[in-house]
């Protein structure tokens, strides 16, 4: 029997990470804690960069934008998940699903682009230190962030609009804790060739493109560091990009891990569990990575809490 084609659907069902009732309180507490830590940590980074004039530099300007993107990124998925657990409902409206998917794609792409921009900033700082302030002027920094927003927004809108053209069947269960683009497309009854091509193109543009840029920047950075004669000079140069390199590694490794897990198991629930790493863990860990070894951030936060300028 052929599935019924329904173009006037009103809602989807999010199956979540687990269907076990006894696990729901634990999941609620765990993800609420992770969400609050993520929002608070990234807000502190933004507060530090705004309040301390010494941090009004391109590196911290990009970092504050990344923190804002991380707050928005995690806020597109976790609050709805917590509401569903608390109300014991798995339903999300059609409009809500499309909106969630749109913003998830937007801020996921923005994260990737901002990491590439930050890699370029570190490249200029280490490879062209004498011309750093001239090259990384406020106008260029603003344009780089604006371009990142525009590219991510155009991709998000195009992906979402293509989903709106799809027809869906009676099986509207999404084996995930949020409306993930690939999962939603696979529920469609109509032809998804254009959607699949759009996803692959976007993956190449917003994942492959920034990754190539980051690798090129760091290849130049490594060459410059190797040319430095003193060990102290090498350590100082490397320490300026160590935090960014850690965040990039975390972002890429978790994303690759989710992809490999999905390809190896073909189990949607396993994929959903693995995706927690890049949707929740990465935004949560970023503030800790940037602040633990960053004396400037620590000093700015101490001054903010003490009420000093």
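These residue numbers are counts, starting from 1, taken along the chain as shown.
Every residue, even glycine, has its Cβ placed from backbone N, Cα and C.
If you check Swiss-Prot, you'll see residue 135 and residue 306 are listed on the same side of the membrane.
Looking up the ranges 79-99, 100-120 in Swiss-Prot, the one annotated as transmembrane segment turns out to be 100-120. Segment annotation: Swiss-Prot labels transmembrane segment over residues 198-217 (candidates 198-217, 218-237). Of the given residue ranges 175-195, 238-258, Swiss-Prot assigns the label transmembrane segment to 238-258. The stretches the transmembrane segment (238-258) and the transmembrane segment (140-160) are not in mutual contact, being linked by fewer than three Cβ pairs under 8 Å (pairs 6 or more apart in sequence). Cβ-based neighbour count (10 Å, all protein chains) for residue 97 (disulfide bond) stands at 22. Panel annotation: around the transmembrane segment (272-292), residues 16-17, 31, 34-35, 37-38, 41-42, 44-45, 63, 66-67, 70-71, 73-74, 77-78, 175-178, 180, 243, 246-247, 250-251, 254-255, 257-258, 261-262, 298, 301 of the same chain, lying at least six beyond its termini, place a Cβ under 8 Å from a Cβ of the stretch. Residues 58-59, 62, 217-218, 220-221, 224-225, 237, 240-241, 244 of the same chain, all 6+ positions outside the topological domain 'Cytoplasmic' (121-139), place their C-beta atoms under 8 angstroms from a C-beta of that stretch. Outside the topological domain 'Extracellular' (76-99), and at least 6 residues removed from its termini, the chain residues within Cβ reach (under 8 Å) are 9-16, 24, 27-28, 31-32, 34-35, 107, 160, 163-164, 174, 177-179, 184, 279-280. Mapped onto three states, the DSSP output places residue 189 (disulfide bond) in coil.
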